[in-house]
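Scroll down for the structure; my scribbles are underneath it.
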Amino acid sequence: MSAYTSLNFLFLLTFFIGSLRVSAQLQDPTYVGHVCTNRISRNSIYFSNLQTLLTSLSSNNAYFSLGSHSLTKGQNSDMVFGLYLCKGDLSPESCRECVIFAAKDTRSRCPGGKEFLIQYDECMLGYSDRNIFMDTVTTTTIITWNTQKVTADQSDRFNDAVLSLMKKSAEEAANSTSKKFAVKKSDFSSSQSLYASVQCIPDLTSEDCVMCLQQSIKELYFNKVGGRFLVPSCNSRYEVYPFYKETIEGTVLPPPVSAPPLPLVSTPSFPPGKGKNSTVIIIAIVVPVAISVLICVAVFSFHASKRAKKTYDTPEEDDITTAGSLQFDFKVIEAATDKFSMCNKLGQGGFGQVYKGTLPNGVQVAVKRLSKTSGQGEKEFKNEVVVVAKLQHRNLVKLLGFCLEREEKILVYEFVSNKSLDYFLFDSRMQSQLDWTTRYKIIGGIARGILYLHQDSRLTIIHRDLKAGNILLDADMNPKVADFGMARIFEIDQTEAHTRRVVGTYGYMSPEYAMYGQFSMKSDVYSFGVLVLEIISGRKNSSLYQMDASFGNLVTYTWRLWSDGSPLDLVDSSFRDSYQRNEIIRCIHIALLCVQEDTENRPTMSAIVQMLTTSSIALAVPQPPGFFFRSNHEQAGPSMDKSSLCSIDAASITILAPR
């Protein structure tokens, strides 16, 4: 009986170990990150087309050997564009398994999403209502970093080595005729090698592939020992360890057709009549191992559940421990700014001063030192660290670190050489440096930055303080949205919020926010519209403008010019006729759509970016703006009834001088 029991137990144990082995062989793809935007109804035609597309992508075996496949389903506004891209060194079977898993994962991670991009180590899958896969300049990005930093003494040499390796990889991938995939390895030292991998979707031309990869490489922060950057049309990655199949002379070796069999454990032979003893010996060896495995799994699961619960219960906006790896020592910051010398002072923000600094590795930074006497500063400080640490976009200022010691609260940002937009925009001596081409580029960059906050980042973020002073310009006059102290994070399904404490800058605030504390993505859209009018005119919204014996702010003034058929009277005289008439009128039109009083009438940032980049898109007729100052001879028509409600409180929003 005991032998029978032992054999039963041995059978169950063998089954258990076999199950573990099968599970290991069928391991899920390694998740990296995803972007999910624009929820849609499950009852819509678009959603039905999406389900058909996902099924088609994951079931057509003919394309897995190519490693990539694109499809469209539906027509007109219900059309869905879809694509998958498997890593260039992946076997067709592994590619198939990853795509099937991704299609299923899509339905759980982004139920009802109109645009989605998910990345695994093995493959990428995405879909959208527009062809984002052939667009080499997109706001849909996934960026990840290795948490380990390069030592200061090795930083410059490391950066140069990685950049050189990535560029060579990009050239090789672009010139590839098939998968547009390349991997390279170089020796950084006698004991350390660097590894790089780049890939474009096969449908891109060589020129577009190079352009896409060059842009992605620019976004990588090489002071980390590893990182990757993904957009729908290309991706790049570097590490200090091999993460791809070994290569010979730059050619990727094909993976084996099937995995080699696991080595079998040889069973010792026993003399006849010793069967019982052999069973006991096998059990004595295997049982403790199996029990140890079970205990380890149980302990790991227990701690994992505790961590998950802790993460769920902790308010995200007050938790800066996740950014702990970004923390600077106060002495380092003090030395970098020469003890916060007035010679290094760049300006003053709402809660403190901003200084220029130079870190020990030679990197120039902007140091924002919050005032010690600011009662509101600590909350905004923690908020800014948590929000900005998770953002990676070319049109958003990069947070490099922070310092929180005793009473000191300091934020360390990348140094942007050309100061802020208002420095050029509202100074008659500097305005000439902003021709219309530059201003148009700035408008587009700001729009893409805000779109990333609203739609393409992992969090939905409302900036709440968008203004010319919070737009920094780099050496090439590219805009970077800054100052996230007022920003708020929205939940996935949240569309608006209320606050009793209205913060921000009067003149840029939307009516519903200034008067009722209600804010949403459309609040940022309103601020963006005001900012566009300032960029076009070179004038501040807070100033007073006289027209037909009546006064108003810049928004009101623009509306009257538009109504009178003379919108070009708004244009900054510093660039006179050096602009395209239709282009600038279209920008004024878009700005007026943004500042409409009814939030439902204001376009989304996604629509605004499309309006700016596609001249064929028809624009709606703008309605009167919020805070509309109506002159005595203007009558409130059907579209103006609601505007009159705002004129009562207008003086509390834009400071008026007595008449």
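Heads up, the Cβ atoms here are built off N, Cα and C, so glycines get one too.
Note that the structure is predicted; figures quoted are calculated from it, not measured.
Checked against Swiss-Prot, the residues Asn277, Asn541 yield a single entry marked N-linked glycosylation site: Asn277. When Asn175, Asn418 are compared in Swiss-Prot, the N-linked glycosylation site annotation sits on Asn175. On the 0 to 100 pLDDT scale, the domain 'Gnk2-homologous 1' (28-132) averages 87 in this prediction. The two recorded residues, Gly352 (ATP binding site) and Asn175 (N-linked glycosylation site), show a Cα separation of 51 Å. Calculated from their C-alpha atoms, the gap between Leu346 (ATP binding site) and Asp465 (active site, proton acceptor) amounts to 20 Å.
A gap of 15 Å separates the Cα atoms of Gln348 (ATP binding site) and Asp465 (active site, proton acceptor).
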